[in-house]
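Novice: Here it is, the structure, as structure tokens.
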């Protein structure tokens, strides 16, 4: 935490930068996903035909909006009350897990699209829809880059919340048994 709280200059720009960077990343991933459409003699494949891809698109849109709001919240000087710290902590955790969950689901579906699974008669589709798969894969990679911004933000907000509490007292085993 020295990197975050050591220098005043570092403290002033690291968190807002980590909060603003996902805006561009999430919007880029969202735009790529929305443009993912390809047709051939087998039919037309769009992102909206696959629930996991819609989930990632929605997650990127929601996280971009949250990043804008949280960036504004981090640059406007306010007192760091316990309730505000908890609010930021809960939302940082929620959006980090939203991105993680969406990325994990799309990773699995994309793996099946590339490799298939003959045991359950799920055949690979990426040889037939290569451009579509490449765009979805690029959107997924960009989403994971946004996740790499959300993870340290979750750690920073967790540190802010839990540093406001006293550590638990350490008791010896004899003290515990004598109190019972």
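Placed from the backbone N, Cα and C atoms, the Cβ positions cover glycine too.
Heads up, here are the entries from Swiss-Prot:
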- 1-13: topological domain 'Cytoplasmic' (TOPO_DOM)
- 35-55: topological domain 'Extracellular' (TOPO_DOM)
- 77-85: topological domain 'Cytoplasmic' (TOPO_DOM)
- 107-135: topological domain 'Extracellular' (TOPO_DOM)
- 157-180: topological domain 'Cytoplasmic' (TOPO_DOM)
- 14-34: transmembrane segment (TRANSMEM)
- 56-76: transmembrane segment (TRANSMEM)
- 86-106: transmembrane segment (TRANSMEM)
- 136-156: transmembrane segment (TRANSMEM)
Novice: Tell me, what is the mean pLDDT of the topological domain 'Extracellular' (35-55)?
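Specialist: For the topological domain 'Extracellular' (35-55), the model's average pLDDT rounds to 91.
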Novice: When you scan the chain for residues with a C-beta under 8 Å from the transmembrane segment (56-76), skipping those not six or more beyond its ends, what do you find?
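Specialist: Counting only partners 6 or more residues beyond its ends, the transmembrane segment (56-76) has Cβ contacts under 8 Å with 15-16, 19-23, 26-27, 29-30, 33-34, 47, 88, 91-92, 95, 98-99, 101-103, 105-106, 139-140, 143, 146, 150, 153.
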Novice: Against which stretches of its own chain does the topological domain 'Extracellular' (107-135) lie, if we need a Cβ under 8 Å and a gap of at least six residues from its ends?
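Specialist: Counting only partners 6 or more residues beyond its ends, the topological domain 'Extracellular' (107-135) has Cβ contacts under 8 Å with 32-33, 35-38, 40, 42, 45, 50, 52-53.
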Novice: Given a Cβ distance threshold of under 8 angstroms, which distant residues of the chain, six or more beyond its ends, lie next to the topological domain 'Extracellular' (35-55)?
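Specialist: Result: 102, 105-106, 108-109, 125, 128-132, 135-136, 139.
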Novice: Please work out the helix, strand and coil residue numbers for the topological domain 'Extracellular' (35-55) from the DSSP assignment.
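Specialist: Once the DSSP states are binned, the topological domain 'Extracellular' (35-55) shows 8 helix, 8 strand, 5 coil.
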Novice: Six or more residues beyond either end and a Cβ under 8 Å away: which residues meet both conditions relative to the topological domain 'Cytoplasmic' (77-85)?
Specialist: 157, 160-161, 164
